[in-house]
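Engineer: Below you will find the structure I want to go over with you.
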Amino acid sequence: MSLSRCPTDNSSSRINSSVPLINSSSPATPPESFDPQVFPSSLIHGDNLLPQDDQIASDPRSESNSCNGNTSSSLPCTDSYQYPLKHSCTPSFLRKFNESIENVSYKCLDHSPPDSVPGDFSISLVPQRNFLYSHSSLPPKIISIDRNNRIKLDNSISSNSDNFPPSPKVDTSNTVSPGSKPISEDLEDLNLQSIVQTFEDLPEGIQSYAFFQLLRSCNRQSMRLLLNECEPLLKKDILSNLPFSIVQSILLNLDIHSFLSCRLVSPTWNRILDVHTSYWKHMFSLFGFQINENDWKYANPNLNRPPFLHNDQISDDYFPEIFKRHFLNRKRWLFPSIPPSHLSFPIHVPNFMITSLLLHKDRIITTSGSGTIQIHNAITGVLEARLEGHKEGVWAVKIHENTLVSGSIDKTVRVWNIEKAKCTHIFRGHISIIRCLEILVPSRLIRHGVEIVEPDQPYIVSGSRDHTLRVWKLPKNTDPPYLPDNTNSIDRWEKNPYFVHTLIGHTDSVRTISGYGDILVSGSYDSSIRIWRVSTGECLYHLRGHSLRIYSVLYEPERNICISGSMDKSIRVWDLSTGTCKYVLEGHDAFVTLLNVFQNRLISGSADSTIRIWDLNTGKPLMVLPSNSGYISSFVSDEHKIISGNDGSVKLWDVRTGKLLRFLLTDLTKIWHVDFDAMRCVAAVQRDDQAYLEVINFSGSRP
């Protein structure tokens, strides 16, 4: 390939550019003296030159050199689509930059208009003020490069001058002005290798400038070919060559959006990020999520679950899916893209009192002050069964699999088959109202570093206003019914084959109980808490400290602690390995009726209209959720949320921030109870003179 060039001028050297010479009346800042022998020969001698656009004989665009009568432009007459950079402005970073040439520091200035077309440009290389004169008493020359590839060395700067304006005063008498003919009319072939050599000899900044000017004369097809070749070479894979541990450290600092964006960079990155499943485990913990029974079954379908579940008990490989499930569940509740659906239906409740509410699978179970137990379908609202047998109000109810156990003001405990809607067993023995119930089933736990299972069989424990607790065996589904006639003979009911023993010790009504495995915690109006081993009836601890009645207790088996809330407005955390009080939590202004624990947080509800969240490890308060007025009648919580009822409304809170997200229900006369599962919230409420069950479905479909 050969190109044409202009012959070299004897009086001045040339460099390839397409820029007019800068003519400025302002002298340059004096630098160090200039020695032509140390300046690059490629800039002083014109033996290797880049061609101008109008010198490329082989370009078919040169057939027409006029556009709308303008014959002075060196750019061929073409449309802007074919030549995308034809009218593009020179980027600012190409117009002003610094260069170091042969130990001389130069500031390169382009003084042509930013929107100049190719062929209309000029450059000056101005020596910098802070250059030390080391080579000569004379300062370095200002180098001016014009559009016809000529270089002008200006020696008009005095090194003794004290005033150094920013740009040079250039004598244009020895230069060729824009638009004039080359010095010689003789043309000779210019070898492509010499063009490349000249380009390589240019300073980096001028290379970039010159290359952009060439691109302005390239058509779209040529630019596309260049892009296709260059783009892959300019990309550098910053992950593939790094050690696994460093990549992991980088990824753990990304948010989810950035992490997912990285997966789209390339198939290689996608494969790398697929391997780093520990990222999802890290995010799982960062979001405050906790694995549950379903997660364990998903990851270990053939293994028995450990006594207590922790995030590190499941392999990292399963966490992408586990995180997704928890994250979407949180989003459905806290930030739903589809508004939750709402099903409301009235229920018949004499005296308008719903004493308890349970959401069990697709069934809603309610008990009332009339003694009836109703089972409604949670999807349709249809009444599926009405369990009748208690003579007075039912104040306590528990469920285990297909068995429902109820305790009543009529002093009896009844056992029901849910599917058959039938009472199978009646237990008598208490001489006053049954106020609380618990079902304890064989559970795996760690004691003294050894994994054990206790108790050896399921038990029912009932607490009564007669100051006692009674322990019964939980009947099996295959056991025959036990339905003795009513009698006033207490001795006869002591012979009940399901009766185990009576727990005696409290001196006032047993108000609340909580248990796990073989351990039961009871709270009484006698202001004390007792810890029992259910299978033997032994009282392990008698905990004193509260000054008034106990309204709520909670047993936390993993930490081996229990928590009590009292009418004295305080909460106490007890260490059951020593029987001592660890913390006294104060802040509520009324009696504490509700307690719940999740992970390291204790949540308490009080008649002072507030919900408080505490750090269970330190006993320090974390936040207060104010609820206007009215005592907190009910609340439920999990790793994402708190749902509370008071002040005529049901509210949804973010458990991590304490922020009130929305009102689920408003304009209520009374809220008795709330409950929820993975997809639904159910509330038993009263509007005016009618009781209702409200089902709010967050699954994105009609309940």
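Cβ atoms here come from the backbone N, Cα and C positions, even for glycine.
So Swiss-Prot lists the following for this protein:
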COMPBIAS  1-27  compositional bias 'Polar residues'
REGION    1-73  region 'Disordered'
COMPBIAS  63-73  compositional bias 'Polar residues'
COMPBIAS  156-178  compositional bias 'Polar residues'
REGION    156-180  region 'Disordered'
DOMAIN    236-283  domain 'F-box'
REPEAT    389-417  repeat 'WD 1'
REPEAT    429-473  repeat 'WD 2'
REPEAT    587-615  repeat 'WD 5'
REPEAT    625-654  repeat 'WD 6'
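Situate these features within the shown structure.
Structural biologist: Broken down by DSSP into helix, strand and coil, the domain 'F-box' (236-283) contains 31 helix, 0 strand, 17 coil.
Using a Cβ-Cβ cut-off under 8 Å and counting only residues 6 or more beyond its ends in the same chain, the repeat 'WD 1' (389-417) has close neighbours at 353, 355-356, 358, 360, 365, 367-373, 423-428, 430-439, 441, 458, 460, 462, 464, 470, 472, 474-475, 477.
According to DSSP, the repeat 'WD 2' (429-473) comprises 0 helix, 28 strand, 17 coil.
Each residue of the repeat 'WD 5' (587-615) gets a DSSP state, and the totals for helix, strand and coil are 0 helix, 19 strand, 10 coil.
Under DSSP, the residues of the repeat 'WD 6' (625-654) split into helix, strand and coil as follows: 0 helix, 18 strand, 12 coil.
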Engineer: Quick one: mean pLDDT on the repeat 'WD 2' (429-473)?
Structural biologist: 94
Engineer: Can at least 3 Cβ pairs under 8 A be found between the repeat 'WD 5' (587-615) and the repeat 'WD 2' (429-473), with each pair 6 or more apart in sequence?
Structural biologist: no
Engineer: DSSP-wise, what's the residue breakdown of the repeat 'WD 1' (389-417) into helix, strand and coil?
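Structural biologist: Here the numbers are 0 helix, 18 strand, 11 coil.
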